[in-house]
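Peer 1: Features from Swiss-Prot:
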DOMAIN    1-141  domain 'Globin'
BINDING   His58  O2 binding site
BINDING   His87  heme b binding site
Amino acid sequence: VLTDAEKKEVTSLWGKASGHAEEYGAEALERLFLSFPTTKTYFSHMDLSKGSAQVKAHGKRVADALTTAAGHFNDMDSALSALSDLHAHKLRVDPVNFKLLAHCFLVVLARHHPAEFTPSAHAAMDKFLSRVATVLTSKYR
């Protein structure tokens, strides 16, 4: 559970990022594919080249889902329920991949917002992204 101070940190930092949803989401996915090539197997139907319209579109969807999560700290389970169902029952994404993508988002945020990416903001974002990953994998059981 995020503390009020952590929620404030996430809201502040993600507020700056959410206006760049497509850019940051695509960058996080590109970093994921480069750093962890096995993750590409879930996207064999997409053009994964740098700057691909499909990667940008999916990156925006991912970032928009994080915006939804950031707006529903106290009811994240219900806010992300459909997305959790999709990933668990249809896409069957290996749960470890959510952690890998979360790390890539942390790198993107640190790169674009170095002044705001303080140790406390880093810790809060990491905790938030871990919570999102937990929610998305909650229906795997």
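Residue numbers in this text run from 1 along the chain shown.
Yeah, the Cβs are placed from backbone N, Cα and C, and that goes for glycine too.
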Peer 1: Give me the CA-CA distance between the residue listed as 'O2 binding site' and the residue listed as 'heme b binding site', in Å, as a whole number.
Peer 2: 14
Peer 1: Near the Cβ of the residue listed as 'O2 binding site', how many other Cβ atoms are there if near means within 10 Å?
Peer 2: 18
Peer 1: Going by DSSP, give the three-state secondary structure for His58 (O2 binding site).
Peer 2: helix
Peer 1: List the same-chain residues at least 6 positions away in sequence whose Cβ sits under 8 Å from the Cβ of His87 (heme b binding site), in sequence order, or say none.
Peer 2: Val93, Leu136, Thr137
Peer 1: Going by DSSP, how much of the domain 'Globin' (1-141) is helix, how much is strand and how much is coil, in residues?
Peer 2: 110 helix, 0 strand, 31 coil
